[in-house]
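Database features, via TrEMBL:
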- B:326-345: region 'Disordered' (REGION)
- B:12-33: transmembrane segment (TRANSMEM)
- B:39-63: transmembrane segment (TRANSMEM)
- B:70-88: transmembrane segment (TRANSMEM)
- B:94-117: transmembrane segment (TRANSMEM)
- B:124-148: transmembrane segment (TRANSMEM)
- B:168-190: transmembrane segment (TRANSMEM)
- B:210-230: transmembrane segment (TRANSMEM)
- B:242-261: transmembrane segment (TRANSMEM)
- B:268-290: transmembrane segment (TRANSMEM)
- B:296-321: transmembrane segment (TRANSMEM)
Amino acid sequence: MIRNRNLPFAATVLVFAGIYLLCVLQFPTMLSFRVAGNLLTDNAFLGVAAVGMTFVILSGGIDLSIGAVIAFTSVFVAVLVRAGVHPAVAFALALTLSTAFGAVMGMTIHYLAMPAFVVTLAGMFLARGAAFLITTDSVPISHEFLDMLKSLYIQLPGKGRLTFIGMVMLATFVIGMVLAHRTRFGANVYALGGSQQSSELMGVPAAATTVRLYALSGFLAGLAGLVYTLYTSAGYSLATVGVELDAIAAVVVGGTLLSGGSGLVLGTLFGVFIQGLIQTYIVFDGSLSSWWTKIAIGILLFVFIVLQRATLLLPRRSGKAVAFTPIPRGG
Amino acid sequence: MRKLKRLAPQIVALVLVLFAVTLAVPGFLSISVQNGRLYGSLVDICVRAAPVALLAIGMTLVIATRGIDLSVGAVMAITGAIAATLVADNQPLVVVLLVSLGIGLACGLWNGALVALLDLQPIIATLILMVAGRGIAQLVTGGTILTFNDPAFSFIGSGALFGVPMPVLIWLVAGLVVGLVVRRSALGLLIEAVGVNRRASSLVGVRSRFLIVAAYAISGLCAALAGMIVTADIHGADANNAGLWLELDAILAVVIGGTSLSGGRFSITASLIGALIIQSLNTGILMSGWPPEFNLIVKAAAIVVILTLQSPTVATALSGLRATFGSASRSNSHEPTGKAGARAK
């Protein structure tokens, strides 16, 4: 049973290893700490946001507001810092705002019984609109505190660097794994995703879990915004459009079922890595256009979803196959 | 009469939006005939609403089957790119139209097959094409913005027939055809049955798979039409921006139209009015001189208000209130209560 549950995750790791092997065979230099370090740095904001998305999807929901919240946080922080506020204060304010924003969306979803899809869609418009309202210009920022954060890196062999934002991403994944697999909250999230009705009957606090869940997603989207601000040293309200789709893709490719209730936080890390690897490959190749990234991710999504479908169906075939068996006359 | 009652909240909302804009912009409602075609802000709204209105027609059917089609924006980009390539290649108009519609149909069939045959969740199934679609469109145009100069094809975007701009004519005819087909036959009822309970409808012999595939196919066709209108309008195909985020506007139009995202009862007319409401908001904000940055905020606020009124919790609470206070609350009920009351019925 456990093997079955972890099958999608095993497939993800296998695909990652396979793609990396192909890359290394063609470009031996890709097997270096430098590339590995860049993979972490370049995808740090996506990774942080994807952890939040993993929780939301595990609960059977979806959060479309992530990209807009990242953009809002980065603009918000950039404008505050430009106005003379200390970055640490701006960071704290931004995280508080984004967490509250997520919590409000969670409350709306639970108490008004509205689909998460539409609520977070409205949230996406709201956050993006708020970012536009602050400024539509790209706001470059520089501050010794930010420089200090950027100088915090661990030197890896071969000129590779594990940057501060890379470490933030890895730490987020570790904390996310503990939260998902070792706490009551995590168990509740899985239970909600399995079946909201049964979990409520078993005493899972659906309201508190849903609100905390979206607050967590908002917090992590805010954190991703801070990481993005550090990464680009600027705030821009038109940035990170569509990151929510990348995050969803990373979660799905990472082996989490979109219907909720099954998946691993660690899988999402590999989902992010696979996307990053495809991008790195395209950069190394030089002749391929960047739009191949989208097509490749689309194909991967398709393959993974069909694989998941197959692994879900296989164990049921032997027993009750009612739910998915075509009804002869109705087919 | 019953039909009018169903559409009342949407019509009232549209009138309110138009009224608010008229207060800010005098002369907003005036329509004149110049050079043998209609001119005016209202006509402009109908023209600009064409892509979302077309998408909303297909999206209504898809959502009625308890699905969702996230790929329509990307399908617009693909068909736009293909139409532009063919036009630039001096192909006859018939070939351009047929091939573009065929591609849209193929995209719809792909989505439908994933949802109906592989039993994938609609959000995910259509996400695949949404992510990959823009890449495919880029591939078709070679990464450039493909421009062309062809009066025959441009007519779709900027021409006019009997004084009515072509885009308006296209979405009206499409809405009429689809609406008549589903409502003058049992198809609409069967689609609603699939949306309410797919398993049960299959058990009573409804061909649920066929209906689901058909809904996505129509959605693909509508997206192809919308893609061609946008391409013909700007005389070029922009794979990056054509139809960007229009899937969200289309879903919004359907939701404003009162069709529930959990499937079942649907109304194409209400969705079309929803599309007009969205476009009136956009045009209104632009014309009343507000900074366009407010656009998204106003849109978000409108969604929140409309959806809160439609949400089951609020609807139950309001109908409970009405039952308690009886006719007293009805006589002094303000507009929102009336809207939710109509929904709750």
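For all residues, glycine too, the Cβ spot is worked out from N, Cα and C.
All TrEMBL annotations are machine predictions without curation.
Only pairs six or more apart in sequence are counted, and the transmembrane segment (B:124-148) with the transmembrane segment (B:70-88) gives three or more Cβ pairs under 8 Å, enough to call it a contact. When Cβ-Cβ distances below 8 Å are used as the criterion, the transmembrane segment (B:210-230) is approached by residues 50-52, 54-55, 57-59, 61-62, 64-65, 67, 69, 71-73, 75-80, 83, 97, 100-101, 103-109, 111-113, 115-117, 156-157, 166-167, 170, 174, 178, 187, 190-191, 194, 242-243, 246 of the same chain, each at least six residues removed from its ends. Spatially, the transmembrane segment (B:168-190) is adjacent to the transmembrane segment (B:268-290); three or more Cβ-Cβ distances between them are under 8 Å for residues at least 6 apart in sequence. Long-range Cβ contacts of the transmembrane segment (B:39-63) within its own chain (Cβ-Cβ under 8 Å, at least 6 residues beyond either end) map to 18, 25, 28-33, 69, 72, 76, 108, 122, 165, 167-168, 170-171, 174-175, 178, 182, 191, 195, 214-216, 218-223, 225-226, 229-230, 243, 246-247, 249-251, 253-254, 257, 259-261, 263, 266-268, 271-272, 274-276, 278-280, 282-283, 287. Here the transmembrane segment (B:12-33) has long-range neighbours at 39-43, 163, 256, 273, 276-277, 280-281, 283-284, 287-289, 306, 335, 338-339, meaning same-chain residues at least 6 beyond its ends whose C-beta is under 8 angstroms from one of its own. Long-range contacts of the transmembrane segment (B:268-290) within the same chain: residues 6-7, 10-11, 13-14, 17-18, 20-21, 24-25, 28, 41, 44-46, 48-49, 52-53, 56-57, 59-61, 171, 175, 178-179, 182, 249-250, 252-259, 298-299, 302, each at least 6 residues beyond the stretch ends and with a Cβ under 8 Å from a Cβ of the stretch. Long-range neighbours of the transmembrane segment (B:70-88) within the same chain, counting only residues 6 or more positions beyond its ends whose Cβ lies under 8 Å from a Cβ of the stretch, are 51, 55, 58-59, 95-96, 99-101, 103-104, 107-108, 111, 123, 126-134, 136-138, 140-141, 146-148, 150, 153, 219-220, 222-224, 226-228, 230-232, 236-240, 242-247, 250.
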